[in-house]
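Engineer: Under the heading domain 'MARVEL', TrEMBL lists 1-129, 136-287. Under the heading signal peptide, TrEMBL lists 1-16. The annotation transmembrane segment is assigned in TrEMBL to 32-56, 68-91, 103-125, 146-164, 170-194, 206-229, 262-283.
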Amino acid sequence: MGYFLRTLQLLSTCVAISLVGSLDSWTVPTSTWSFVILCFCFVVTFIILIIESLALHYCFPFSWGDFLLCHACYLALFCLLVSIIYPATYVQFLFYTPSWDHAIAATAFCFISTVSYATEAIWILGWPQTGDFTGYTGSLPFLLKMLETLVACVILPFISNPYLYMDHPLLVSCVAVYSICFILGIVTILLNLANCENRLPISSSMFHLVLSLLSVLLYIGALVLWPLYQFDEKFGGQPERSRDVSCQHRLTNYVCVWDQRLAVAILTAINLLIYVADLVYWARQVSVGTEDQPGTPDHLCSQEVSLPSSDILFLAPSLSPHILPHLSHSPFSKTPMYPGPLSPLWNSSAA
């Protein structure tokens, strides 16, 4: 199933890249961004296919199933954005032109890529929670973090135009807020995938709570400053779209400056709501105390993860009875690490 989906993803993105690249649209920002996103999806998928073909994923220190689900969710959303933005800002202006069929076909293959990545994500969610798939990427915290970084990814192309903010230092600080929060979100996801949060000097819930609170405060400042300096005449803004010279041409495939400012303001408000939901979740986690307190990991617990089941069968007779229940199950799986009835080796050793 995995190789079939991976092959479909490679073929659909490759065809979409060829169709988008065949059009003379490099001067259109949305077309350029669509081409870059499709190339990124193709390269990442191809690298994953090579890694799985050579069985190199067993060498990585993180959960490969969680990484695959993270990859599938992100690329599905990226391809979905291309499937929506590309026809909305570019294809509609090619109507009754020779390039219109190519653009429509490129949009169709982008949608096929979206479906294939989404199918892979649903397929991985059906995996049992084992050491290869811990289930973090199927949890609510990951969903919120993914939405935060995704909205930031949509904001970044709009603020790539320096004309929007270079005249005001406070608007430059808003751009810094978007970049910092995006980097913090990516780092948080990587820490979870690599299971490095237990090495922090504070609990995992407190760590997420502090980051969420910091991000909420930063986004509140950006939500106040960005509309104030972009749309208020007292601070040099333009409150009306009709007064923007770049918005006077109706039939254009460029997103005018005023629309870019409005899009950033709306996306900032949306991302702030997501960060508030994230903050509420982790505040509740800290208040009810569902997260373990930081401390030195138990040696026996580390042994039960690292030792194979055959070694546990040899070691179990020498262990005290109150430890045996902890060794009967892996912390990542509901499947016993040795069969239900005691094996003959166990009985002979116990005798």
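All positions are counted from 1 along the displayed chain.
Including glycine, each Cβ sits where the backbone N, Cα and C put it.
Unlike curated entries, TrEMBL annotations are predicted automatically.
Just so it is clear, the model here is predicted, and its values are computed rather than measured.
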Engineer: Under the DSSP assignment, what numbers of helix, strand and coil residues are found in the domain 'MARVEL' (1-129)?
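Structural biologist: When I sort the residues of the domain 'MARVEL' (1-129) into the three classes, I find 106 helix, 0 strand, 23 coil.
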Engineer: Within the domain 'MARVEL' (1-129), what mean pLDDT does the predicted structure show?
Structural biologist: 84
Engineer: Same chain, outside the transmembrane segment (103-125) by at least 6, Cβ under 8 Å from its Cβ: which residues?
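Structural biologist: Residues 1-2, 5-6, 8-9, 12-13, 15-16, 19-20, 23, 34, 38, 41, 65, 68-69, 72-73, 75-76, 79-80, 82-83, 86-87, 90-91, 94, 133, 138.
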